[in-house]
Each structure stands twice: as C-alpha cells, then as structure tokens.
C-alpha cells in the first residue's frame, strides 16, 4: 500500500492557486499543513532567477525544495515496513514541520533591543525554597517522573556504544548511578518513581541490553526513541536518504536534538499513561550531568506545601551562576513578556560579547528542566510548541555537506504559562563532556553516596577547579586513564592545564594553579608522591614558582 503525505503534511490548495493573483510579478500560493496547524501562510514567490544574485538563487532553491520535499518523503515512506508506517509517518510530519519553519525563518529569532530585564521574582533563589514535611515526601514523589536524555554516543571520548555506559566512578556508569539514585529514593520513602530513558536510534539496542541487569532493582524503567530525521543536502536542501534502511545508510539520518523530547514522549504513549496514573511533573536532564538528582525542595515548590498561588508552575528551568568558563551557555531572558532561553546561536554577531558578559547575563541554563505533564500535552495538542531551530552544518566522511535541523528542550519554555527559573547551587551542574570532567568526578573532590556525588567537606570552596587537558594525549578515555597511576589529590586545586606527553605517578598532589607543558618530542613524568603547588612545569622539567 502506498502511504503518501497528502492527508497529513504538505497540501497545495488548488483553489488558492487557481485564484492566485499576479502582484508585481509575484504569484501567491497558500500552503495548508494540518500536521502543524497555525504554521501560518507561506508565500511561494515566482520570479526570474538571476544567477549572479546569491540571495535570489537561494530563495529559488528553497522554493523548489519545498515543492520537491513532499515527493521525496512520499518515496521514503514507500520503503517503510507496514508495521512501522504509522509511527514513521508521525515522525516525518514532525520533520516536515521543522523544515517548513527552516525555510520561512529569515534572520535572528530575537531582536536584541527588545530583550528586557528579568522581572522581579522570575528567578527564585534556591536558598529560599523550603523542605517539605517528611510525611508528605512519598505522595510528592509518586507524582513525579524522572526522564534522562540518553541519545548520545561516547565516541567523542573514544568509547563505543551509549555514553551512559562509560564507567565514571568505582566502575559504575552514568546509568548505574542514575538507577542507584532513584532506587534509594524509592526505598527510603516507599515511593514508585519511574525512570524514563529517551534513546536515539544510535543507543536504543545497546541500552535495552544493559537495562536487563536492573530487573531486580526497585525502579521501573521505561524507554522510548526520539525521532529519526533525514539529513538534508546543503546544496539541494533535500534529504540525502534514499530509503528507510537506516542501518545500512546510518550517515543519512540523525536524532534532531533533545527538543524533540516533547513530541516523541507523546508519540510513545508514555505522556498520557503517566497523566492517567496521576503523575503531575517530569524532571528531565542529561544523563551525563551527575549533579542532576531529584531535588525534594524544588518538588515541594511545585506540588508541596511551598507551592504559592492558585496557578500551577508549568515549567522550571534550573540555572546557576555564570562564570568565565560558562560564557557560551544559554541564558534566561525576558522577551515579549515571557521567560525564554537565549542561546549564543541566536545572538547577532555584534552582540556576542554582550551575551558572554558575566555582568549582563548572570545565569546560564543547566538543562535541568521540570515540566508539568498536562501542560506539555496541552501545548502539543494546540500545536503551539514553537522552539528555535538550530541549524547544524556537518560534512560527512564521504564529503557530502549536510544540514541537521535540531531544537533544544529548554527553548520550549516560552510556550508555557507561569514558567520560572531557579538559581541552583553549582553542585547541580556536573556534566561529563570531556576527560577533564572525568578527572574531577573520579578524584577525591567527591565521595559517592547512594549514586550521588557529594563534594568533600575538606574543599574550602564549593566551586570546582578549572581543568584543561591537551586533546592530543588526553581526549580518549583509555589513553587518559593510562596517564595516571592513580588520580591525583585535587582537594586544593584551583586550575590545572596539561599539554603534551605527560604522565602522573602514584600519590601526586596538585594545589593552587598548576601548568604542565611538554614540548613536542619531550616527555614529562611527574614522579610518585610529588606535590605541585602554584608551579609551572616546562618541557625540560624546570619547576618554577607561579
């Protein structure tokens, strides 16, 4: 059976075309899209192509791409197995809506001069939140769903398979620690908090194998896959995929960022299931953020005795104080009387320095999100989920230049009512993106308690040290581990920079600011038991006061 998109995605309104008028050489068409109601009218302008005019050329290419997209998607859908067609068609509608907006959008989504100061009380200070009565905690937890974004691979750190199965502490993986955290909550309060993993087609199979080992744990684990979208040729602006045999042409497909969570969560049936169970909120975070644990005080503000006002809070973004290491992180702004996320990609070039200013924008987004389940469903059903598109340009191994259209989960904040920010301690933002982060979480800076990392009381400052390890010798986990006989004492470390061929003996202590640079062709071996405090170690092993 041929399954086209005529009834669900792009439809040309023949009546509108027939009654279209020529206005200064422009033919106006009306585009209907039931999949993405309220997208608005799109004008496809007919004009003579002027090869020398780059802008005109690109506009013509985009117009042609829009007309040809339906044909390409129809062809792709013909290659889908009958049992998968309904689900795939939903995904392709989501892709087509994203593509629609990509063609329509022109220029930055934010006008810099219209950004307003955050209103009083828009960002709550974590220290003002109250702990609930112990007897109420179980009931609150039974209204919560924990969601972890689990779509990423560990390839950037030289590992195979899902990033969540990289050992990070005591041979325990990100996933192990997450399960331990939630099981501890469930046991301590006799609760039934479920764990939901949003996988991608890259991580789904391996994750399903791994979670079997948690069968005896007091945690109900659910999984669902985020969408799988076709990569677009940068030249033709059309999908490069020829069929839906994703495994045999995996480079032609991509997961479209964590902003896809909302629609995929609904498509999976889990959103409605949890609402029917009486659950009210989900807490969503990246699985590699080891600081993103369930916080009882925040939950109490949402549904406990610390709740204020009659209207429920629909969306919470956890932010934390920006430092010079976080200048590229997204921040909260007030725009058109709504709180919204501002990412550096949305900032006009002439204002990038303003965006990076710690004084102008004090907070950055941790990507720890609390969202009301019924509000997610309402926004999705009303087709008003409108997140900024991130255009990710890539060049594949075969040389083909492609575009990935993505969205960020925090960008949905502006679509909800009564959203707030909560300025949380830095300890709730502990991502492991590089081996430099791994060095910190494996060190004596932290101890492990019920799957959660706790900062050592011996550390005089709550901030974590700034660590920079050279990519050539430390970027891959296996090589990184081979360079340390054991992880150095970092309790008193402020800043560490290591570059070149450097190894560390057993029992090394690093304090203050330490810089170790091995020149090309040189090797530096830090001897066992060495104490480096405010030192620069150069290629010829000269040790100088810093």
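Any Cβ shown, glycine's included, is placed from N, Cα and C.
Just so you know, TrEMBL annotations never went through curation; they're auto-generated.
Here is what TrEMBL says about this protein:
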BINDING   163, 226, 257, 288, 433  UTP binding site
BINDING   258  substrate binding site
Tertiary neighbours of residue 226 (UTP binding site) (same chain, Cβ under 8 Å, six or more apart):
151, 198, 199, 200, 255, 256, 258, 260, 261, 264
Quiz question: given the binding-site residues 163, 433, which has the greatest number of C-beta atoms lying within 10 angstroms of its own C-beta?
163
Over all shown protein chains, what is the count of other CB atoms within 10 A of the CB belonging to the residue listed as 'substrate binding site'?
25
Same-chain residues six or more away whose CB lies under 8 A from the CB of residue 288 (UTP binding site)?
152, 163, 164, 174, 431, 432, 433
Looking only at 163, 226, 257, 288, 433, which the record lists for UTP, tell me the maximum pairwise CA distance in angstrom.
21
Applying a 10 Å Cβ distance cut-off over all chains shown, what neighbour count does residue 257 (UTP binding site) have?
24
